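Remarks on the structure that follows.
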Amino acid sequence: MPRKKSTEIQEELLQTVTEESKAGTKPRKVSAKKKDASLSVDREAEVQSVEKKTRSRKKSPLEDESVTEETATVKEDQAAVKAEKGRVKKEKTVANKEKTEAKKTEATKTVAVKTEATKVKDAVSNESIEESAPNPEVGEESFETSSRDNVPREEVRREGPRDTDAKEAHGILEVMSDGYGFIRSENFMPGEQDVYVNSLMIRRFHLKTGDMIYGYAKSRNPQERYNALLYIETVNDLPVSAIFRRPDFDKLTPIFPDERIHMEREGKRVPTSLRVLDLLAPIGKGQRGMIVSPPKAGKTTLLKQIAQSILKNQPDMTLMILLIDERPEEVTDMMEEVVGDKVQVIYSTFDELPEHHKRVAEMTIERGKRLVEQGQDVCILLDSITRLARAYNLIVPSSGKVLSGGMDSAALHMPKRFFGAARNIREGGSLTILATALVDTGSRMDDVIYEEFKGTGNMELVLNRELQERRIFPAIDILKSGTRRDDLLLSPLEKDAADLIHRELASEKKTVVEETLSLFDRTVNNISLCETLVRGKTLQSSGRIGGEKAVIKINKNNL
């Protein structure tokens with residue numbers, strides 16, 4: 001049965017619509033889209049049937065001509081349908097664009113209305129706050145900053161926490177490499193009570209590692225790991241506005257120590273070791289000193305005595321005692337013997353990981369820098385820098401440059417930065433570091449560490465192993481001990497006496513340290529000793545010069 005052409009199909013559709021309208025029924029609305037779809041479907045079916053017939057049998061020339069005509073007609077109809085579809089698609093695209101623009105306009109109007117409402121609400125709340133009387137104990141912290149230097153102009157008013165669940169947060173800030181930080185509480189180490197500080201707050205208030213933060217934190221939810229800091233009351237016991245103008249530690253001007261830290265104490269008899277240290281190797285504010293000691297020579301006891309003297313003679317100085325890789329009982333003894341409001345003992349025992357040693361040391365030195373930036377005097381007693389360098393040698397990535405004893409050259413960088421931070425500041429403040437270094441331990445690495453630090457300090461106190469083996473304390477090697485530019489610390493009388501002792505001892509063939517130390521025992525204090533030595537102008541030598549030891553005695557007429 002031959003297929004109908006498109007004109008015949010259209011005529012049948014028109015006739016059907018006409019008959020339905022005459023019969024009184026509602027004519028069916030046939031959309032142009034449906035018509036086009038039906039036409040395209042019919043034309044495709046006709047084309048497929050024609051192709052099948054062409055493949056299945058041989059066609060006569062007349063049939064080929066009719067098929068060709070039908071195929072051309074179908075293609076024309078398909079082209080017309082495609083054109084109609086394209087026109088409809090364009091119209092839809094234009095309509096969608098208009099709808100999108102209308103939605104954007106409505107959203108912009110909504111945001112503008114909300115912003116205006118927020119401004120009105122804030123204005124009303126500010127008026128109510130100004131009308132209400134301020135609380136003298138607590139006030140709101142609000143200040144205006146200038147665009148040039150970002151420094152607060154108005155006075156800071158503090159207000160208590162609005163959140164009833166907020167609690168006090170107090171500790172030392174540690175800023176991580178990603179910008180955020182944590183407030184550490186005990187021993188500068190991570191714990192469950194740490195408070196999270198976001199990076200925005202750190203940048204806004206110019207906070208650094210080592211700052212002591214006091215504020216309020218939001219209580220954590222069961223899903224959260226840490227409490228979050230809400231706002232800050234003080235930084236390093238100062239208002240927040242005071243930290244905007246503080247200088248950078250690395251930009252301060254270092255100078256030689258010119259203010260002495262006296263080791264002699266008034267009252268009861270002072271240990272001989274402190275008197276020797278005070279006269280022959282004086283310590284000033286900003287000193288970078290090293291105590292070189294073999295094992296069991298009394299370095300820990302000497303550090304304890306120095307700490308007690310600083311606590312007694314320098315009550316305004318902040319004292320930090322850092323014990324690295326120490327025995328737990330030594331830590332307890334130090335905490336019980338040295339007690340004060342400005343004393344802090346930070347420790348990392350030998351059973352801790354090297355990462356623990358590293359974190360504690362870096363937090364301690366950063367805390368000291370923050371205090372110096374405020375013009376304060378700080379003293380750090382480190383025991384020992386040898387063990388600190390050993391810890392860095394275990395965790396620093398290998399640089400390929402290994403020194404004798406297995407010491408990586410890159411591992412000495414951070415310990416040198418720690419030790420090199422000690423300085424006296426011309427603008428005010430000082431950071432004093434006294435560190436112990438181990439020698440004669442049988443380890444080549446310890447000797448290498450000492451040699452690397454030997455020329456970096458400006459004060460050195462050497463303990464003698466031979467005196468220690470003979471149970472002579474303090475086992476101080478007077479000839480090898482001394483301070484650079486000690487003329488800035490000693491009085492003219494003390495300087496003359498110290499030079500006299502060094503000159504007489506250096507002229508002898510054998511070391512006569514024990515009798516020199518006995519000179520300190522025979523006098524009450526260093527002033528009487530200096531007056532006696534300067535009056536006599538010399539130390540008279542007697543005894544067996546060529547024997548195993550020589551004895552130095554003071555002229556009895558001068559006593």
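Every residue gets a Cβ built from N, Cα and C, even glycine.
Within Arg245, Arg246, Arg327, the residue that TrEMBL lists together with Gly284, Lys285, Gly286, Gln287, Arg288, Gly289, Lys296, Ala297, Gly298, Lys299, Thr300, Thr301 for binding ATP is Arg327.
Minimal Cβ crowding within 10 Å, among the binding-site residues Gly284, Gly298, is found at Gly298.
Note: the compositional bias 'Basic and acidic residues' (72-106) comprises 35 helix, 0 strand, 0 coil (DSSP; helix = H, G, I, strand = E, B). Here the domain 'Rho RNA-BD' (166-239) returns a mean pLDDT of 88 for the predicted model.
Residue counts of the domain 'Rho RNA-BD' (166-239) by helix, strand and coil are 6 helix, 34 strand, 34 coil (DSSP-based). For Gly286 (ATP binding site), the number of other Cβ atoms no farther than 10 Å from its own Cβ, over all displayed protein chains, is 26. Proximity of Lys296 (ATP binding site) to non-local residues of its own chain (separation of 6 or more, Cβ distance below 8 Å) is seen for Gln468, given in sequence order.
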